[in-house]
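Visitor: Got a structure here, written out as structure tokens. Questions coming.
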């Protein structure tokens, strides 16, 4: 007798898994001062975050394609096992160098968990139910923004910083058990699977070179240094070779045909630029509050919390209403709010009250929730099962890349302006750039195909 998937149990496993990965992004921040105090290596602190971002981002599209070839279950289990092992050894690290290596290993697992969670949910839920569930899952990131620092602080203060990693092990094991027990896929056709090894290798080399250059530029090396120029040159060369290979292989790792589908191309572009707005606000607004208004680090951190409330609420509402008012209308409305919040940010001055910044974060957070949820659903609905993993991974990767590029661009602009005109002017220029990017977010969102054409594609799915 063929086993059937227990949808509720698998959904629970996916929620647990995405919450693990989402919290891991925020929980480490709270513990870093204690980690540095015990392990040393203050100059290496940024690499604890950077290496995780690098390995998780680069591997995301690769896992997406492998899930299309071999099924979601096996690749997801592989990823969550890597994440659990990476968490365990990270907690055992004795030096900062070890922690960086182990965090990179942990990121290799997260690169599978992030896109495949959304892919599996898309497989389990059709049509309007899919939109509602993606809204719920998108809201997990907001919840993680609240729980991560709180849980991290509790472990650091009452047990040990190592438990911010160890706690992932039993929870991850629960997710593995649930997926193994209750997710039963239809057996794939038994044929020889063609793996695009060259494509995967060239993509990894290209994106690693690019991300390493963006992360190191202006910090480890000057932007015009031989090292950074060489990295950018290598990134372009490997990317060119990758694109050539993808046009020749039978089963490309990242099917270029995906980007010929308007809704996928536009959705990924929106995700890229909107993520730039997100990282700009999250990094530089707390700096303004601490340095220019004189608030504590805790107070500036609390400014980000309203976004953690607004985003989940908007994601849930967007998932429920996008089929009634239109997916394009929902995404465009979200982009309008992002632009409005960014415009509000332009009006800040040294006398601005604290609630002013809270309002900015609420508006932008609500806009992000309204925008990102329909984009995820539209990308997944534009293709069939055999391409859904790659399509979802491309959307996830575009957002990660947007944040990485944003960090590099904003950092360069801020440092150059601050050195010439001071802190306040440097932050104002960053906020102007954030507003400009928010305009691009709205303009690109308007290019989304009409709701009617998207619905026709979903029905065909």
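Glycine is no exception: its Cβ is also placed from the backbone N, Cα and C atoms.
Since this is a predicted model, take the numbers as computed values, not measurements.
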Visitor: Quick test of your reading of TrEMBL: among 257-284, 285-312, where does it put transmembrane segment?
Guide: 257-284
Visitor: Could you tell me the mean pLDDT over the domain 'Major facilitator superfamily (MFS) profile' (10-453), as a whole number?
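Guide: A mean pLDDT of 83 is what the model gives the domain 'Major facilitator superfamily (MFS) profile' (10-453).
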Visitor: Hey, which of 12-32, 75-93, 163-183, 330-348 has the most Cβ-Cβ pairs under 8 Å against the transmembrane segment (105-125)?
Guide: 75-93
Visitor: Where, among 44-63, 75-93, 163-183, 330-348, 354-379, do we find the most CB pairs under 8 A to the transmembrane segment (429-448)?
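Guide: Most Cβ pairs under 8 Å with the transmembrane segment (429-448) come from 330-348.
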